[in-house]
């Protein structure tokens with residue numbers, strides 16, 4: 001390839017493409033009637049530095065986060081077009097279980113039990129039958145990392161997902177216009193990461209660094225694609241659709257919702273059953289997917305609240321560190337998702353402010 005051609009490609013990649021990715025993202029978000037005039041105005045603002053000043057703030061606006069999501073989606077689509085071999089492997093005629101020969105890494109019974117305990121905490125693996133679960137257990141590879149090690153790096157191709165057995169890691173994401181990476185969350189034992197690149201055949205969405213000595217179990221792309229991927233995608237899409245309907249979670253971006261999927265558990269109750277009881281110690285917050293519930297104060301003498309799909313309850317024990325303030329029973333058959341308080345604080349800490357603002361719906365009862 002000639003030096004001139006390489007120079008042109010570098011120029012397009014480093015100078016032209018970032019501008020047009022961002023422009024397209026803003027067009028998709030804003031949906032202007034006159035795309036030409038709007039684009040000219042946007043480009044002029046970029047040239048004058050208005051957008052740069054906006055990005056100089058430490059906190060990202062909701063618009064910035066929307067833009068980041070759209071840009072990431074554009075990059076994912078572009079990446080998919082250039083990775084036809086992998087796409088064919090995942091989606092094409094070659095993706096046949098009968099032709100797949102999974103890797104097998106010898107392990108002790110103790111290791112197998114440790115891995116099994118960890119991966120069954122993740123929704124991705126919960127739908128596997130015994131045969132497929134054993135294939136995944138055999139393919140898992142124990143990997144250790146030291147403090148400061150970068151396990152995955154934003155923008156890189158992904159070939160493995162990781163389930164944490166011991167130690168903690170931090171997740172950082174670099175946003176356009178900001179020099180510093182933003183800390184998104186801390187991973188703890190039992191959680192998994194790195195699956196997004198495998199699920200959606202996309203570059204790594206964030207950087208994960210070890211902050212302690214870490215032991216993980218890694219699953220390779222081929223085993224994931226052939227055994228886990230399609231059931232995981234279906235389950236994740238179902239969960240994301242459900243979570244998008246919960247009012248409390250509207251301020252979360254897609255990446256945060258994806259992380260939440262891993263810690264939520266489903267629970268079903270028949271009409272008339274009691275979910276939480278006044279005076280007991282509570283350690284869960286509930287999200288309502290289907291059905292209606294009622295909250296009563298002082299036994300069953302006074303109704304506090306009627307709950308419907310999209311509502312949540314159980315948050316008072318979290319916010320006030322007190323026993324349950326009311327008894328909640330199912331008015332109809334209900335489907336709930338629940339999350340323990342520790343996971344809620346770790347993944348959704350900023351939402352505590354939303355919860356505090358909404359406590360006013362019970363205020364007249366709490367003051368009595």
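Just so it is clear, glycine is given a Cβ too, placed from its N, Cα and C backbone atoms.
Where the annotation comes from TrEMBL, it is an automatic prediction and has not been curated.
Annotated features, as they stand in TrEMBL:
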type: BINDING; residues: 195, 204; note: 3',5'-cyclic AMP 1 binding site
type: BINDING; residues: 315, 324; note: 3',5'-cyclic AMP 2 binding site
type: DOMAIN; residues: 124-245; note: domain 'Cyclic nucleotide-binding'
type: DOMAIN; residues: 248-365; note: domain 'Cyclic nucleotide-binding'
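With DSSP classes pooled into helix, strand and coil, the tally for the domain 'Cyclic nucleotide-binding' (124-245) is 41 helix, 39 strand, 42 coil. Between the alpha carbons (Cα) of residue 195 (3',5'-cyclic AMP 1 binding site) and residue 324 (3',5'-cyclic AMP 2 binding site) lies a span of roughly 37 Å. Of the recorded residues, residue 315 (3',5'-cyclic AMP 2 binding site) and residue 204 (3',5'-cyclic AMP 1 binding site) place their C-alpha atoms 34 Å from one another. Using a 10 Å radius centred on the Cβ of residue 195 (3',5'-cyclic AMP 1 binding site) and all shown protein chains, the other Cβ atoms total 23. The number of other Cβ atoms within 10 Å of the Cβ belonging to residue 315 (3',5'-cyclic AMP 2 binding site), over all protein chains shown, comes to 23. Residue 204 (3',5'-cyclic AMP 1 binding site) has a Cβ environment of 18 other Cβ atoms inside 10 Å.
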